[in-house]
Amino acid sequence: MKKIAIFAKVHDPRALAVAEELIEWLAARGVTAHVEEHLSKRLRRTTLAESSESTEIAADADLVVVLGGDGTLIAAARLVGERDVPILAVNLGSLGFLTEITLNELYPSVERCLAGDFEVSERMMLMASVERSGEVVELHRVLNDVVINKGALARIIDMETSVNGRYLTTFKADGLIVSTPTGSTGYSLSANGPILHPELECISLTPICPHTLTNRPLVMAADAHIAIKLKYAPDESVFLTLDGQVGMKLLSGDVVQITKAAHVTRLIQSRSKDYFEVLRTKLKWGER
């Protein structure tokens, strides 16, 4: 691997310290690290690394190393986009369902990556677009979830939902979560959505506080084309949030279209633990 990109949580002193150590470690092995410009400005020793815009780094990296939590990883995954570059995600955060590599595993894992000795877990992504008056006004790639929800003081919202052109129902709820299997342990889980193994290919729909108690979470095939039309937006205080990081206000009549993305996120797996161990640890199963 010739080009290794490092993304770190720039406001976390621990992540910055680890980034500096990793840059030196790579330089000692003849490998130049590439970092984002805003990260480079926060590092004390930058002569051993090259810096440029985040999109440029992601465009031709052979490996992406993420230092932080799940949010840092999700942002990096969207930047990598269509290139299917392997991502080594190191957990410096708190919960960390996605960043399963521990700090103790960092250097042995990078060593194996340099030697081409690693395994990846391929995670399905979604494409989400917003149509307004017949025109696409937003288009984004999503790793975790697409969320439609109302403002704090708004009333219930009506979301006319169809799958593959066939009417499903009109959800009357505080919102609706459309999630990948990877995102099933995020906001969807908090709304009583199902836990889906991350290597499955499917899409879940989970209403948030539905008016009708029989509106339960649904799991759709991965090739489902989901269309959600906002029938009623009280005081126009309805928002679309993508991966909890990108958002916009929705208007009555807007249509959110969601399909499976053509590319996946490739996460390098830990050699010391499997997905079920991560679930047990993070959700504290078996504890009293």
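The backbone N, Cα and C atoms fix where each Cβ goes, glycine too.
For D70, the entry in Swiss-Prot reads active site, proton acceptor. Neighbour density for D70 (active site, proton acceptor): within 10 A of its CB lie 24 other CB atoms from the protein chains shown.
In the three-state DSSP assignment, the secondary structure recorded for R155 (NAD(+) binding site) is coil. Among the features that Swiss-Prot reports, NAD(+) binding site is placed at D70, G71, N144, D145, R155, K172, D174, T185, G186, Y187, S188, L189, S190, Q245, with the record citing sequence analysis.
There are 11 other Cβ atoms within 10 Å of the Cβ belonging to S190 (NAD(+) binding site). Among the record's NAD(+) binders, D70, G71, N144, D145, R155, K172, D174, T185, G186, Y187, S188, L189, S190, Q245, no two C-alpha atoms are more than 31 Å apart, and one pair sits at exactly that spread. Every protein chain shown contributes to the tally, and the Cβ of N144 (NAD(+) binding site) ends up with 30 other Cβ atoms within 10 Å.
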